[in-house]
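Structure first, then comments.
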């Protein structure tokens, strides 16, 4: 019995001692790591969850309602941060376009990207997402568009006003304009097109700049008829080739068509890459004084002799000095009579005076031509970079005149195809009384329509199947240029 009591006392003492150590250790752990309560077992103030604890951040206590609200707003903001996403757009033509955009990008900006990719104006784009139209002011994120989503792009028709304007510019089956007034105004408003028309079809360009709408319709019908005839001829030639590929006449026409095609392609390439080649070049004129009389001198290094007209020499008081022993024939593009020669007279270039000799021609069209003989004698330089004529090795420089500074009669003369400019014809060093001497002459010449050369051009073009009247008209229209006339006849 005594032994049993002692054993119980020892067990009790040991239990009490162990419980005290455990309690002290538990409090030390709680003070160090702070156990967080488990809601399944309830929370007991500072103790935590009844013996079941897990580590929590130091200093953390029960979260208040305000802290929960702030944390919710913070997490919501973090979720709405902008990010990149990829969307796919399918057009009505089944074209697939992939775009990398921001999640908060506006629909209008997406349409701007599609305008570049699909070449469709923003005004004609209609974007659909899940069957609903997307407005320009909407954001992709607001519409619920996510990464790898698919949008549909519909292309709306142009406005009715634009359609009506285009219909006014349409053509009737006979080639005339549906609305000639609207057609005329449209062509007039395009400066580039008008410039090409003046080069390729001056007659049509003149009619468009005029006010006669009936004449415009007639010219348009005529051009349409010419194109129809040319197309029919091409079809007949092609049929002839297939019918008998060894026929000589068929081969000639086919050869001419191939050659003309090359000419047309060359002409189109020139319009594209060298359009200035079709512009009218203003000749070189400078201000001079001949025997004290101011003149507009035509500078031409292709004319071997300096030339003055009879009327101009008389106005300058030099006709009395003309030596008629130097009569002859001046030959250039054409020919004209040489009345004589004035051996020396003063000319003023800039502020300096120089001696000059002249060949006198009976030519009312060209007053005074400063030729190669005097250009060499006075060491002249034609400087096209600075647009000046330098004389005497650079001691005098005079500017070439602009188009606005020239009399209208000079410009009209340049439009005449038979005017000689730089012909480069050879001239003997001296003149004799009875011999025909040659100089590059700007005098008026017989028309190109008179002579075997013009007839040969007509014959060549008639062989291509065109009427003689049309060929003559085309050659006259293009000042005797066979290639341009042929291009006009083939292309209408």
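Every residue gets a Cβ built from N, Cα and C, even glycine.
Listed features, source TrEMBL:
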COMPBIAS  437-448  compositional bias 'Polar residues'
DOMAIN    85-160  domain 'Ubiquitin-like'
DOMAIN    295-374  domain 'Peptidase A2'
DOMAIN    452-492  domain 'UBA'
REGION    415-452  region 'Disordered'
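For the domain 'Ubiquitin-like' (85-160), the number of residues in each DSSP class (helix H, G, I; strand E, B; coil) is 16 helix, 29 strand, 31 coil.
Across the residues of the domain 'Peptidase A2' (295-374), the predicted structure has a mean pLDDT of 88. Note: the domain 'Peptidase A2' (295-374) comprises 15 helix, 41 strand, 24 coil (DSSP; helix = H, G, I, strand = E, B).
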